[in-house]
Amino acid sequence: MTIQSQTSNIQDSTPSPVFARNEAMESPETSVGVRIIKIGGNIIDNPQELAQFLADFSKIEGYKVLVHGGGKSATKMAESIGLTPQMIDGRRITDAPMLDVAVMIYAGQINKNIVAQLQANHCNAIGFSGADGNLIQSEKRNHPTIDYGFVGDVKYVNGELLSSLLSNGIIPVFCAITHDGKGQLLNTNADTIASELAIALSKTFEVTLNYCFEKPGVLQDSNDDSSVVEVMNKELYSKLKNDKAIHSGMIPKLDNCFNSLAKGVQKIKIGHHKMLQNDDSVCTKIEL
């Protein structure tokens with residue numbers, strides 16, 4: 001399958017004082033690097049926590065991309081209309097009715113609420129699904145024993161267009177919806193989207209990937225917030241997974257982390273969003 005790269009025709013008009021372009025973002029050759037930050041449902045479901053995160057995110061200088069999930073909001077909506085959400089190993093089963101809910105909540109309510117709040121914080125954000133500008137194209141998952149429904153695995157990221165958006169002062173905000181290039185929307189794990197965006201941009205930029213959630217990092221004991229694993233490597237990951245200390249949604253998150261490092265992403269951290277403002281904050285650093 002040949003996919004033509006698409007470029008944007010963004011007019012280089014003089015920006016308003018509110019959205020003045022950062023001088024370090026004038027060229028894709030900048031040494032400033034890119035920060036990709038993914039937030040989960042627990043931050044999104046707490047209005048005060050989300051507002052504080054977005055205020056902190058707004059203060060980050062240079063290129064930045066935000067990716068958000070929203071699983072709990074989608075679950076609540078699904079249950080309110082009589083659907084029963086299903087998860088396997090932290091991944092959602094998405095039949096046709098559940099896909100409608102996911103698109104409505106992820107690409108609609110959550111994405112536009114985040115964009116509006118970022119605009120209020122003087123960030124020139126634009127919300128995207130993978131279908132917009134053909135930024136992220138996926139393939140419907142074909143599993144030998146499990147029917148995941150309309151779940152997509154990322155096959156292509158339009159890094160050229162994404163770089164163009166960044167260099168023109170746009171802050172992309174991605175939801176967890178992609179498409180297959182044939183008219184079908186797909187539900188894609190938000191951790192995977194963050195990882196694949198990071199991998200695509202690492203071909204041009206120095207990329208830092210941050211996964212932010214309500215805990216201070218990956219925990220050896222999920223009931224003890226002081227049990228943070230400060231450095232997670234593959235060997236320790238295998239041990240903790242075999243011991244069932246790591247399970248559910250943390251499994252695909254860490255799988256994505258190791259895949260990203262192997263494919264060129266420079267730095268990855270998992271923890272509470274306060275680590276964005278303080279490099280000394282407790283968190284989990286991922287190493288191969």
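Glycine is no exception: its Cβ is also placed from the backbone N, Cα and C atoms.
Fair warning: this is a prediction, and the values are worked out from it, not measured in the lab.
Listed in TrEMBL for this protein:
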- Gly70, Gly71, Arg92, Asn187: substrate binding site (BINDING)
- 1-16: compositional bias 'Polar residues' (COMPBIAS)
- 35-271: domain 'Aspartate/glutamate/uridylate kinase' (DOMAIN)
- 1-26: region 'Disordered' (REGION)
- Lys38: site 'Transition state stabilizer' (SITE)
- Lys253: site 'Transition state stabilizer' (SITE)
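Recorded features from TrEMBL, shown on the structure.
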| residue | record | Cβ contacts under 8 Å, 6 or more apart |
| --- | --- | --- |
| Lys38 | site 'Transition state stabilizer' | Leu66, Val67, His68, Gly69, Ala190, Asp191, Ile193, Ala194, Leu209, Asn210, Tyr211, Cys212 |
| Gly70 | substrate binding site | Gly41, Ile44, Ile105, Tyr106, Ile110, Cys175, Ala176, Ala190 |
| Asn187 | substrate binding site | Arg92, Thr94, Met98, Leu99, Ala102, Tyr106, Gly149, Phe150, Val151, Gly152, Ala176, Ile177 |
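Neighbour density for Lys253 (site 'Transition state stabilizer'): within 10 A of its CB lie 24 other CB atoms from the protein chains shown. Neighbour count (other Cβ atoms within 10 Å of the Cβ, all protein chains): 24 for Arg92 (substrate binding site).
Arg92 (substrate binding site) falls within a strand segment according to DSSP.
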